[in-house]
Amino acid sequence: MTVTMKVMKKNNRKSWSLYIAMALLIPCLSYSKQLYATVYSGVPVWEEAAPVLFCASDANLTSTEQHNIWASQACVPTDPNPHEFPLGNVTDNFDIWKNYMVDQMHEDIISLWEQSLKPCEKMTFLCVQMNCVDLQTNKTGLLNETINEMRNCSFNVTTVLTDKKEQKQALFYVSDLSKVNDSNAVNGTTYMLTNCNSTIIKQACPKVSFEPIPIHYCAPTGYAIFKCNDTDFNGTGLCHNISVVTCTHGIKPTVSTQLILNGTLSREKIRIMGKNITESAKNIIVTLNTPINMTCIREGIAEVQDIYTGPMRWRSMTLKRSNNTSPRSRVAYCTYNKTVWENALQQTAIRYLNLVNQTENVTIIFSRTSGGDAEVSHLHFNCHGEFFYCNTSGMFNYTFINCTKSGCQEIKGSNETNKNGTIPCKLRQLVRSWMKGESRIYAPPIPGNLTCHSNITGMILQLDQPWNSTGENTLRPVGGDMKDIWRTKLYNYKVVQIKPFSVAPTKMSRPIINIHTPHREKRAVGLGMLFLGVLSAAGSTMGAAATALTVRTHSVLKGIVQQQDNLLRAIQAQQHLLRLSVWGIRQLRARLQALETLIQNQQRLNLWGCKGKLICYTSVKWNTSWSGRYNDDSIWDNLTWQQWDQHINNVSSIIYDEIQAAQDQQEKNVKALLELDEWASLWNWFDITKWLWYIKIAIIIVGALIGIRVIMIILNLVKNIRQGYQPLSLQIPVPHRQEAETPGRTGEEGGEGDRPKWTALPPGFLQQLYTDLRTIILWTYHLLSNLISGIRRLIDYLGLGLWILGQKTIEACRLCGAVMQYWLQELKNSATNLLDTIAVSVANWTDGIILGLQRIGQGFLHIPRRIRQGAERILV
């Protein structure tokens, strides 16, 4: 029993040794390296932005055309070598209905119209009663319908002399007149101009030329424009083929209603855009893939008369007839190819059915407008400065029966067999502005023939009722919201801001300066990554984008920088034309915004201690909650920088605050370290070059003490005098000679009697000064000697303490070494015993197996003998 207990005790001791060894090894094996936040500059990361865009155009500086004048003052010249960089493997969301570029273009075109068609006079409306009769004409046909809508009105106006009136005549459209309920009127022919009391009229004179030229919208420095190149893209949703440009393509700011003129064509299929194309009262924007030529003509000439109304005047068409004058100067017409137009409507219907996923046969009707203001119920556009109003009833008079996704079985339209279609138009002076909703009177039509060639590139439609998948559906032309036209031109653009940096976790950290251990670590190289430019590696993973800067990088960066530099040089070259107008201020804001963004980003990097570094390691420990479901390997191998930046967008401000706090602490540590470094220059105090400075300080101290002593003496004298004492005069010491011996003296003093002696210095100022100096010198000497003695004793104590500390440290190290040696020996013994036990067990098992095999073998070997013995027994 005693032997068994000893064996168990020995086994328990070995087990405890094994447990301790495992406890020491498990933390080492389970250790995972800490991740730290690292700032990367120049990574392909962006976010949507709304900066102030500026325009570029190829304006003719010598032209007097109003659009050229406006473009030369508001826009910079275009870049002769524009660059477009495709982004591989990059997808991004676009939304034309929330694109601020549309709003900015809308404001710009308003500014263009305000400047190009700027009125020269401002006057109140002709609020007078007029007697109007139908305009007599012998013409018949389509154009006569427009003439029949006009009235010949006569009215009285006030001349410069207020007490004198004069009768005038002018032509007005019926839609611009309101009948007056006057009992004295004959046959109810008294009229007045509509809204004459509520509208301020701006009259444009003289007539100006107005021909739109293409305008390019450009992003300022630090921003870029994404362009979607998907063929089936409709302005909303995810785009898979994206490229980066600095400026858009040339956009012609043509203003029109119902039809889109001179716009951007769809590349393959007809493009249909809308917030909800199956609802009624929602605009459906159609962009054709083939242009349809339309030519508008106004024939004839006319004279213009001035009608004075007091100190002002109003210009109108005269009724004087001559060989070359005609009241038909306000009548025009437009021609187009009916076959091409009919095919465009049919393809629009088929494309619409594909978008709404229609499976059954339906009937689609294109009908005339439902009415409204003349600008909405007609095709309204500007041609050579004249305002055209065209009736499009003939263009939208088609019915497509039994239509499917592939085609329509029957088409019902106009019965005319003529290949070219014609729509009547009229020119008007009284125009309701699409910009501010106010009415304006412009000068009468200019004389001569007017011809405008335009391309129909789209149309704006509305459903009468919500989409009916089993019955008829009617589409009508609408207009009025010019933003729909700008959307067809800007649907595939969006502006983004290039982020200067991003944050990601790495295993490298910034060396922390500790005031107790001021040793600086050498920064590790890490990934050694330099990026291929701002957006050239946008589609690559974070790890793949981290490659060395190559020649391709220089070319990409050089291209982007050169393009921005070209634009800025163009702005600088045109500064004399960019006046301090709205556009001049906008150009200045665009440049200042880019500069402010750059300064703000550089300031943030400076505060983080990352100035001039592409990769900036920090001492901020990465929180695993920031990464979410991603680990370190999946971040660098599976995500792009854009995806990663969107993932940490909600916590980026927290990370930035942590980096800022860590940098502040780092600066405090540096300050404390520098203060500690000052003690290292203690031995410089004994430098011979500083002795003169020490002597000067000593002289100043002694002089100050003497001065204080003199002041105290003077104050003491003043005090004594006030108390009634008289100060003694200064006495000069004189030698004292021995007096002659008097009779009766025995000369008991002895010695040399004839030697002179000095008596003690009588009390006075010099004696007091000498005493003070002697006292100060002795005090200084004793003070310095005591200080040196104290320092020596302190050094002795420090040395003794350091020696004792060293002895203790050595003893502790020896003890630790002995303990470690003991535990290592125990581990070695435990391992040896374990191996011995395993060997003995294996040997026992091996011996048992061998013995069993031997017995089995012997059994097989004894089989013949047993058979022989059995046979012998049987035979016996």
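Cβ coordinates come from backbone N, Cα and C, glycine included.
What Swiss-Prot lists as coiled coil is 646-680. Mean pLDDT, taken over the coiled coil (646-680), works out to 80 on the 0 to 100 scale.
In the three-state DSSP reading, C55 (disulfide bond) counts as strand. Taken from Swiss-Prot, the feature disulfide bond applies to C55-C75 (among others).
Annotation comment: Swiss-Prot describes C120-C205 (among others) as disulfide bond, evidence class sequence analysis.
Marked as disulfide bond by Swiss-Prot: C127-C196 (among others). DSSP assigns C127 (disulfide bond) to coil in the three-state reduction, outside any helix or strand. A 10 Å cutoff on Cβ-Cβ distances gives C127 (disulfide bond) a total of 11 other Cβ atoms nearby, all chains included.
A C-beta separation below 8 Å, combined with a sequence spacing of at least six in one chain, links C153 (disulfide bond) to M130, N131, C132, Q169, A170, L171, F172, L177, Y191. Annotation note: C153 (disulfide bond) sits in a strand segment as assigned by DSSP. According to Swiss-Prot, the disulfide bond annotation covers C132-C153 (among others).
What Swiss-Prot records for C218-C247 (among others) is disulfide bond, and it gives sequence analysis as the kind of evidence.
Counting every protein chain shown, the Cβ of C228 (disulfide bond) has 19 other Cβ atoms within 10 Å. Sequence annotations record features per position, and here Swiss-Prot assigns disulfide bond to C228-C239 (among others).
Taking a C-beta cut-off of under 8 Å and a sequence gap of six or more, C296 (disulfide bond) has these contacts in its own chain: A332, Y333, C334, T335, C383, F388, C390, C425, L450, T451, C452, S454. According to Swiss-Prot, the disulfide bond annotation covers C296-C334 (among others).
Annotated disulfide bond per Swiss-Prot: C383-C452 (among others), in sequence order, evidence recorded as sequence analysis. For C383 (disulfide bond), the Cβ neighbour count at a 10 Å cut-off comes to 22, with all displayed protein chains included.
The disulfide bond annotation in Swiss-Prot covers C390-C425 (among others) and is backed by sequence analysis.
The number of other Cβ atoms within 10 Å of the Cβ belonging to C610 (disulfide bond), over all protein chains shown, comes to 23. Feature annotation from Swiss-Prot assigns disulfide bond to C610-C616 (among others).
If you look up Swiss-Prot, you'll see N60 (among others) marked as N-linked glycosylation site, on the strength of sequence analysis. Every protein chain considered, the tally of other Cβ atoms within 10 Å of the Cβ of N60 (N-linked glycosylation site) stands at 14.
Here Swiss-Prot flags N138 (among others) as N-linked glycosylation site, drawing on sequence analysis.
Residues or ranges marked as N-linked glycosylation site by Swiss-Prot on the basis of sequence analysis: N181 (among others).
Annotation comment: Swiss-Prot describes N187 (among others) as N-linked glycosylation site.
In this view, N262 (N-linked glycosylation site) is surrounded by 18 other Cβ atoms within 10 Å of its Cβ, with every protein chain counted. Feature annotation from Swiss-Prot assigns N-linked glycosylation site to N262 (among others).
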Its Cβ having more other Cβ atoms within 10 Å than any other among the disulfide-bonded residues C55, C75, C452, C616, the winner is C75
Suppose we draw a 10 Å sphere around the Cβ of C247 (disulfide bond). How many other Cβ atoms does it contain, all chains included?
22
Compare the Cα of C610 (disulfide bond) against each of the recorded positions N60, C75, N361, N650 and report the nearest.
N650
Spatially closest candidate among N60, C218, N262, N293, N361, the listed recorded positions, to N337 (N-linked glycosylation site) (Cα to Cα)
N293
Neighbourhood of N293 (N-linked glycosylation site), C-beta criterion under 8 angstroms, separation at least six:
Y336, N337, H453, S454, N455, I456
Across C218, C239, C334, C390, C425, listed as disulfide-bonded residues, the smallest other-CB tally within 10 A is for C239
Recorded positions near N402 (N-linked glycosylation site), in sequence order, restricted to C247, N361, N638 and a 10 Å Cα cut-off
N361
